[in-house]
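To start, the structure itself, in structure tokens.
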Amino acid sequence: MSETDRISGKLRWSKLYTFSCLRPNVLETDGLHSLQGPGFSRVVYCNQPRVHRKKPLKYPSNYISTTKYNIITFLPKAIFEQFRRVANLYFLMAAILSLTPVAPFSAVSMIAPLAFVVGLSMAKEALEDWRRFMQDMKVNSRKVSIHKGDGTFGYKPWQKIRVGDVVKVEKDQFFPADLLLLSSSYDDGICYVETMNLDGETNLKVKRSLEVTLPLDGDVAFKDFTGKIRCEDPNPNLYTFVGNLEYDRQVYALDTNQILLRDSKLRNTAYVYGVVIFTGHDSKVMQNSTKSPSKRSTIERKMDYIIYFLFTLLVLISLISSIGFAVKTKFEMPEWWYLQPQNTTDLYDPTRPGLSGIFHLVTALILYGYLIPISLYVSIEVVKVLQATFINQDLHMYDEETGNPAQARTSNLNEELGQVDTILSDKTGTLTCNQMDFLKCSIAGVSYGVGSSEVEIAAKKQMAFDLSGHNSEIYSASMQNSRAQDSLENSGSDFGKSEIELETVITSKDEKYQKPMIKGFSFVDRRLMDGNWLKDPNVDAILLFFRILALCHTAIPEPNEETGSFNYEAESPDEGAFLVAAREFGFEFCGRTQTKVFIRERYPSSGHPVEREFKILSLLDFSSKRKRMSVIVQDEGGQILLLCKGADSIIFDRLSKNGRMHEESTSRHLNEYAEAGLRTLAFAYRKLEESEYSVWNSEFIKAKTTIGPDREAMLEHVSDMIEKDLILVGATAVEDKLQKGVPQCIDKLAQAGLKIWVLTGDKMETAINIGFSCSLLRQGMKQICITTVNTDLLAQDAKKAVKENVLMQLTNASQMINLEKDPHAAFALVIDGKTLSYALEEDMKHQFLSLAVNCASVICCRVSPKQKAMVTRLVKEGSGKTTLAIGDGANDVGMIQEADIGVGISGVEGMQAVMASDFSIAQFRFLERLLVVHGHWCYKRIAQMICYFFYKNIVFGLTLFYFEAYTGFSGQSVYDDWFMLLFNVILTSLPVISLGVFEQDVSSEVCLQFPALYQQGQRNMFFDWYRIFGWMANGLYSSLIIFFFNLNIFYDQAFRSEGQTADMAAVGATMFTCIIWAVNFQIAFTMSHFTWIQHLFVWGSICTWYIFLLLYGMSSPIISRNAFQILVEALAPAPIYWLVTLLVTIACNVPYLAYLSFQRSFNPMDHHIIQEIKYYKKDVEDQHMWKRECSKARQETKIGFTARVDAKIRQLRGKLQKKYPSLGVQNVIPPS
């Protein structure tokens, strides 16, 4: 153990902590839990893991799995997945029928394609699940120190841990299972735990062991250790635990304070010992997870309905064909003497035409099966895998810091990325990077710090862009009125000081005064740095402010040998930032003992730092209920001070009359900091007389040592007695560092029409601060906070009263939104987890959803992982729109799996979210490109590809039907079997794959410049029924043109040079040539973006047809049959063959070209206009017009910094119009 660990290990934190660390000095016999009945049957024998492997206990191992399949279930489940597709079911039936004599094709030609399609899809599923398995193995193979016996410990993989094992977890390691804390490196069994993976909170939680297990503080102590734990059965509740420990012939009550949950991390503590209670899927974090769902995209589900329609069409024409055949068989076949009707089988029996018709129905169902394209699924699988490869290799989504690229973990949902309506995001680790930076402060009513937060910088850049080209007009107009000009220059209005300075990023002399980057400290202001504060008239207040920064905390200093300074192990990132700031201001926290804190104070006047000693008398620690923290210290002069920091609303309520001198100015600064998206705390102090403190301390000790349910209330009452009559010192503004590019990404997603919800386990205040940081909230937005009220009624009545109150709040909020008449008004809904549990109940959830969707942004705080999943399910099922959930921790797995699309952040805190996700990215900002670029492309590619696929198969399939009608419904195909086999496999497959992989209506840069293009996917504009039936109608038209043009031209027309007419083989080959030319020209007209690959595939497919026809005709007549030498001897020498091909190709594609011309001329879509601008290079020649078009194309939104800037512009326009009507502002500033 290091020197620091030994020192910190001697600190008995339970003497300091007031609320978190109660340890009674006597046995809590009254507090023992009654553990009888269902739900409380678990028994754990400590240090005896083998007992739990046998019946009746037989608890599961610590092995976890997030895969969809295993060796046993893969075959049945994967086959079930494949035959959920309606088309596959049809082809399975057709393959079975192909084994009968009624089949028009050989059995192999039907079974082989089906086996290939299903096998390929199953192989893809197996590969994706194998990747999940390998990531599971990484977690299962982590090592932890386990007691092997005789007081010796050794490392074993997590998966080998068993219930009852004693494990030793070291600093910064994750807990491998749910443990009962026995002891720690601290003398009194305290340890710090980070639960970010469970609830998203970065604040460290304090856990404590029972007094009786404190002697178990070394490896040897466990040689003869035994005990029995009786507790609750496995359940998903993270915040409760009920159990008893039977040890040394006594029974002790257990609660959540002694429980260390799997996937939490040990912080600020050298090591802990614990005994395993829940393992593997019994652990609470795994209980909160759900099974890997089987997800299908909206387009794939809609494809089923198209298949139903085509299958209905198939059955209809098959019925027509079979009825026609039955009629022909009964009435005309007896006259066809050359068929010898007297010797026919049941397939052609004039005496039983009904039976012959039924047999022919089966033949027709197989023959016309080309209407339902089996190769469509193979092509889609190939296209999606290639699309996923492009996503994986996109360098714009590669994170250089971590080396993590974007990864499409499943390719089934690529097109779903282009149809997302609502994003449900975690906060910690997803939007934020868990780093706090001290940025600004207010001391004695004076604001310090000229730096800008990320939100301010982003908003200023956007405003400068929006007002570019208009400022000159404003000022030229103002120059026409010198009085207005003078007023603008000299007035102290907000216009001159606040709005205009938003146009550009702050440039001041302090920008030159930049020190090297210091983690946690981004403060820039010469007035407080390098001792300059000593010249300030408020020097005493500034000194006190710095001392509060350095003294009011519970952190532990750790010497940094490299820098010669200290690192701080703090409970929260805020505390760490305060201590770094104090050090940079010259007040370095350098040491702590059980009762003292040491500060090195640097003053320019003295060459060496002065080390001051402060005695800690009492510490009133922070809690989410108190929203403040106080420390009572005695300085070297004997003066006792109470130093307090907390939420401004709490602190201001406790100020004395003479302590409110700077309240108004400080409040104004706090509002400005909040507008900039910063987290704020107020600082105050109070001087205490020694006699006053002694009287209070006796009451405090009495409350602190009280045992029973009244203890917390007594402590709160005693704290209130001393935390009053405070004097306000100032306030701090800390930037919760957002991940790089988060505000810009949210702004772009909002412009794309996406709604963004934040679901976090953090406190409401923290969640609201982050809402301001990333511009989901802004000043002027009306916040609707739905919370529960405390009630003194009995439990059953209290629940009913609370529920009624929540319902009333929801109703009132909905009415307020409905009555709002301001079109620019924006509402934000903020709700906590306790209230959410009522709002998600069956009779209230739809009202909650109705309110939420009418709000511009929604923030759910203090929510459990289960609630995240429930909210996601409610939005998905209630709205019927596509949802995307994004998170980085184990607490996000439920919502990631529940959403239509799950995105995991591959950050530093574990890989659980990534393992459960469909897509993984390294930073939240990459979501912009994943959706707005790849989502838009993939949706449009897949939609066009499927529509084209149905078009070409309708063209091909219906010509078979027409020909059969002309041949007495005989079941005869006009095409050679090899033509039919190669149509979908080779001759038309590569162009459609190139469409699905390479098509771009606009470039990636344009997608990002015009995010409103994304709404084409949200509105499903390329795969609605209008477009689908349009393509089908196009296919019907083309099939009629191809068949009847060919039939009428060749019917009695000389074909060969000798004057012979064309036979069936020649007509069939010519019709097939027309189909190949028509459908390939059609796909060429569909493409907006050509690469050499598309040219190769489209024109190469046409060439391949001629090459095949040549080689096939050259083969033996046994193989080629009627097609022997057909190209060389029959088709190529006949001019009519080439003329018909040209005529039919033109006739088939003219209507589509006419439709495109009409649409682009009279009803162009957004991408049509952009394509024309880019084609004529107007974006280069006329930059002003291009910027104007970009600005006009923005979706009007109420969140994001664009909305914040728009609100500022409206405010600016209103003020200018009101004060200077002669300037004509309405004509100068563009409407927002």
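Using the three backbone atoms N, Cα and C, a Cβ is placed for every residue, glycine included.
Residues or ranges marked as active site, 4-aspartylphosphate intermediate in TrEMBL: D426. All protein chains included, D426 (active site, 4-aspartylphosphate intermediate) registers 29 other Cβ atoms within 10 Å of its own Cβ.
The C-beta environment of R679 (ATP binding site), restricted to residues of the same chain at least 6 apart in sequence and closer than 8 Å, consists of M436, D574, A733, V734, E735, D736, T766, N769. The ATP binding site feature in TrEMBL is assigned to D426, K427, T428, E575, F622, K645, R679, T760, G761, D762, R862, K868, N891, D892.
Counting Cβ atoms from all protein chains shown, D888 (Mg(2+) binding site) has 33 others lying within 10 Å of its own Cβ. Residues annotated as Mg(2+) binding site in TrEMBL: D426, T428, D888, D892.
Annotated domain 'P-type ATPase N-terminal' per TrEMBL: 44-111, in sequence order.
Taken from TrEMBL, the feature domain 'P-type ATPase C-terminal' applies to 914-1164.
Residues or ranges marked as transmembrane segment by TrEMBL: 86-104 (among others).
According to TrEMBL, the transmembrane segment annotation covers 110-127 (among others). Listed as Cβ neighbours of the transmembrane segment (110-127) (distance under 8 Å, sequence separation of 6 or more from its ends, same chain) are residues 68-69, 74, 78-79, 81-82, 88, 91-92, 94-95, 98, 103, 366, 374-375, 377-378, 381, 385, 411, 985.
For 305-327 (among others), the entry in TrEMBL reads transmembrane segment. Within the chain, the transmembrane segment (305-327) has long-range Cβ neighbours (under 8 A, six or more residues past its boundaries) at 86-87, 90, 353-354, 356-358, 360-361, 364-365, 368-369, 371-372, 946, 950, 954, 961, 964-965, 968-971, 1028.
Listed by sequence, the residues of this chain that lie at least six past the ends of the transmembrane segment (357-378) yet keep a Cβ under 8 A from its Cβ atoms are 85, 87-88, 90-91, 94, 97-98, 100, 102-105, 110, 113-114, 116-117, 120-121, 307, 310-311, 313-315, 317-319, 321-323, 325-326, 329, 346-347, 946, 949-950, 953-954, 956-958, 960-961, 964, 969, 971, 973, 980, 983-985, 989. According to TrEMBL, the feature transmembrane segment maps to 357-378 (among others).
Annotated transmembrane segment per TrEMBL: 949-966 (among others), in sequence order.
For the transmembrane segment (978-998), same-chain residues at least 6 beyond its ends with a Cβ under 8 Å from one of its own Cβ atoms are 105, 109, 113, 370, 373-375, 379-380, 382-383, 386-387, 390, 941-942, 944-945, 948-949, 952-953, 956, 1068-1069, 1072, 1075-1076, 1079-1080, 1083-1084, 1086-1087, 1089, 1091, 1093-1094, 1097-1098, 1100-1101, 1104-1105, 1108, 1112, 1123. Annotation source TrEMBL lists transmembrane segment at 978-998 (among others).
For the transmembrane segment (1025-1045), the residues of the chain that approach it from at least six positions outside its boundaries are 306, 943, 947-948, 950-959, 962-963, 1071, 1074-1075, 1078-1079, 1082, 1140, 1143-1144, 1147-1148, 1151-1152, judged by C-beta separation under 8 angstroms. Summarising the annotation, TrEMBL assigns transmembrane segment to 1025-1045 (among others).
The transmembrane segment annotation in TrEMBL covers 1065-1084 (among others). Packing against the transmembrane segment (1065-1084) from elsewhere in the chain are residues 948, 951-952, 955-956, 959, 974-976, 979, 983, 987-988, 991-992, 995, 1034, 1038, 1042-1043, 1045-1047, 1050, 1055, 1098-1099, 1101-1102, 1105, 1109, 1122-1123, 1126-1127, 1130-1131, 1137, 1140-1141, 1144-1145, 1148-1149, 1152: each is 6 or more residues past its ends and has a CB under 8 Å from a CB in it.
Per TrEMBL, transmembrane segment is recorded for 1096-1115 (among others).
Here the transmembrane segment (1135-1155) has Cβ contacts under 8 Å with residues 1034, 1037-1038, 1041-1042, 1045-1046, 1049-1050, 1053, 1055, 1070, 1073-1074, 1077-1078, 1081-1082, 1085 of the same chain, all six or more residues outside its ends. As annotated by TrEMBL, transmembrane segment applies to 1135-1155 (among others).
Between the C-alpha atoms of T428 (ATP binding site) and D888 (Mg(2+) binding site), the distance comes to 8 Å. Computed over the domain 'P-type ATPase N-terminal' (44-111), the whole-number mean pLDDT of the model equals 82. With every protein chain in view, the residue among the binding-site residues T428, N891 whose Cβ has the most Cβ partners within 10 Å turns out to be N891.
Nearest in space to D888 (Mg(2+) binding site), taking C-alpha to C-alpha distance over the recorded positions D426, F622, G761, R862, is D426. Contacts of D892 (Mg(2+) binding site) defined by a Cβ separation under 8 A and a same-chain sequence distance of 6+ are given as D426, T430, P865, K868, A885, I886, G904, A913, in order along the sequence.
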